[in-house]
Structures are given as structure tokens and as C-alpha cells.
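Taken from TrEMBL, the feature domain 'ComEC/Rec2-related protein' covers 105-344. As annotated by TrEMBL, transmembrane segment applies to 120-141, 161-184, 196-228, 248-279, 286-306, 326-345.
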Amino acid sequence: MNGQKYQVYDTLKSLKEKGFYQNLSQNCQLSFTGNLEIPETQRNFNGFDDQKYLTSQNIYRQITIQQITNVEIKKNFDLHTLRRKAIVWTQNHFPKPMSDYMTGLLFGFLSKDFNQMSDIYSSLGIIHLFALSGMQVNFFIDWFRKILLRMGLTRERVNLVQIPFSIFYAFMTGLSVSVLRALFQKNIRLTSLDNIAVTTLVLMLISPKFLLTTGGQLTLFYAFVISMLNHPFSNLNGLKKVLTESSVLSLCVLPLLIFDFHIFQPLSILLTIIFGFLFDFMLLPLLLCCFLISFLGFSLNLNYIFQILEWLVYKVDLPLHYPFVLGKPSSLELIILFVLIGLFVDSFSHKKRRFFLIGFIFLFFSSLKIQ
């Protein structure tokens, strides 16, 4: 409205109105009366600051709708509309919870009905499996390239065609920062650190405030750490390399995680390896196949697989539901932790220095207090 972005709230007054919005797959224009408000700031100790978050999204006012006077369906078409059509199609053609996993892993959309399971995945420290990023981008881009190369296209032409496909995939997943970061890294053909630098610059041009969000900070920091870990662990192989890289990666991002969330689930490393393999190498291809063949009139009802998965996740969560609550480091302590962890990664090949640093790091963690 008037070139400004607003966050709008409305109370559904009937099941008919709820059904209308759930199945709405076209752009529409609402005419309404309502109250304009300033978003609330942080109210609880170390609580969520809604005003700060909305500011990072260029939203400075909220509107609570009192009465809708007119609804006009627009016939214009764009990629945002195509994504919405795909989500509505999935929700109408597949049962829950299968449809929730399909919209989450294919389109980066989780409905409110999934909130309870989201809390469980969060307590286990693996909710990031639903945050589409590098693994999903690699899956789609790599298969796209393989298909075109098998069709006889040259690598140079595939590199060109990959760019519009990447734009299409970015829109279909909601233009999230993590997906944009992964797509830029995939398409910018430079060495690791140069790639990270150019990717950061492009993201700053597209979304100048992305580093003010927790998601933006984490996705960029994860990518930076992964690029730095390639050399220290080049002499490791197989499962040992996977476990070592995952453990060190979790240690590297731990300061930033506790700075933002103040909690840590120690078993999240092992759970990420297990469920990450399950999600990215089994469920993602399976859900993609089910989604595509549904347009041919075939419906594969594999809901029992996801019911078993949720039962398993629930059982795993029972003894692990409450993660460790750690103190929030000050800005100085956060910098010291990053320096110590950087020295640890750099000294990984020196056994005595490595054990000394890891012990010192954990002593430093244990000394943190709630600010």
C-alpha cells in the first residue's frame, strides 16, 4: 500500500472464509478498514523483539483489520503465484502429515498445523533441516545439469541454462536468504573464499538488511565455515570425515547459536547426520516424484511413512526434549570464542594443541552467565 510494506492481521469469522483463504491461489486485492499500530518491542527477558525483526524486513507498521469491504481476484500471473498454486495443489491432493513435509522440503512452506512438530524438531536441534539451503539446491541443480548433459547439451550451454532455472527455483522456494546464498555460490564459479565474498556482496545489494536477521547470519556463517574446513580435513575419509566435519561445524557455529537462542542440544550433531541423510537422500527425491506424477492423475499415498517418521521423532524427543540452557555471551566473549575456535580449526593437525584448545573452549563456555 502506497509503496510501503505492512504486516496485516485478520480474524477469520467463519469456516467458509477460512476455506477461501486456504484455497486461494491467485493474487487478490483487499479493500478494508482497520487500525494502524507500531509493532511491539521486546517484552520478556531475552525474548523475541518483533519490532526489530520487522524492521529488518522493511516493515514498520502493523494493521489489524476491522472489516473487509471488497475482495477483488487479480488475473495477473507471476512466479509467486505459481508457488502458491503448487502449495495449494499439494495440500489438496496429499494427506497430512505427508503434505506438510512436501511443502516444507520442496517449497520452503510449513503450515500452522505443523507447529507442534516444529517445536519437537527445534528441541532436538534439527529444525534447520526444513530451512532450504545447500543440500536441496545441490540436489536440484545437479540433477538438472545431469539431465541436460544426457540430452547432449554442452557444458557451456548448460551453465547458461542453469541461471534461469536457478531464478525459477529461488521463486518457488520463497526467495529465502539461505536459498539465494546457496544458488549464488552454485552459479558463481570462483574459489571458495572469493565465492563467499562475491556472494555476500550480491546479497547485500539485493537485501541490504539480511545480516540483521538470525537466518541471514547463520546461513552465511555456515557457508564460510564449510569453505574453511575443506583443507584441515582433506586427509580424512569416509564416516570419520563426516563425523569430524559435522562436529567441528557444530562447534564453530555454537557461539552464534547461543548468542541468539541461549540453548544447545548436544545430540543435534548425531541427529543431523542421521535425519539429514534421511531427508535429503530419501524423502526429498520421493516427495518430488510423488508431486510430479500427481499431475498425471496418479496418487501415491505414502502417508504411513511420515506417520512412522513422526512417531520415531516423538520417541527420540521424549528423553531429550529439554536442551542445555547456556548463558548468553557478551559481544567481547563472542569474539573471544570465535578466535579460540578459529585457532582450534587451524591447529587441528597438532594433537596436543588441539586438545588444549578444545578444553579451554569448553571451560570458557561453562563460565558464561545469563546477561
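Cβ from N, Cα, C; glycine included.
At the 8 Å Cβ cutoff, the transmembrane segment (196-228) and the transmembrane segment (286-306) share fewer than 3 close pairs (sequence separation 6 or more) and do not count as touching.
Here the transmembrane segment (120-141) does not lie next to the transmembrane segment (286-306) in space: the count of CB pairs under 8 Å, restricted to residues six or more apart, is fewer than 3. On the 0 to 100 pLDDT scale, the model's mean across the domain 'ComEC/Rec2-related protein' (105-344) is 88. Away from its own ends, the transmembrane segment (248-279) comes close to residues 46, 105, 123-126, 128-129, 135, 214, 217-218, 221-222, 225-226, 229, 233, 242, 309, 316, 320, 323-329, 334, 337-338, 341, 344-345, 348, 361, 365, 368, 370 of its chain (Cβ-Cβ under 8 Å, at least six residues beyond either end). Residues 79-80, 82-83, 86, 106-109, 131-134, 136-138, 140-141, 144-145, 148, 153, 198-199, 202-203, 206-207, 210, 213, 215-216, 219-220, 223 of the same chain sit 6 or more residues outside the transmembrane segment (161-184) yet have a Cβ under 8 Å from a Cβ within it.
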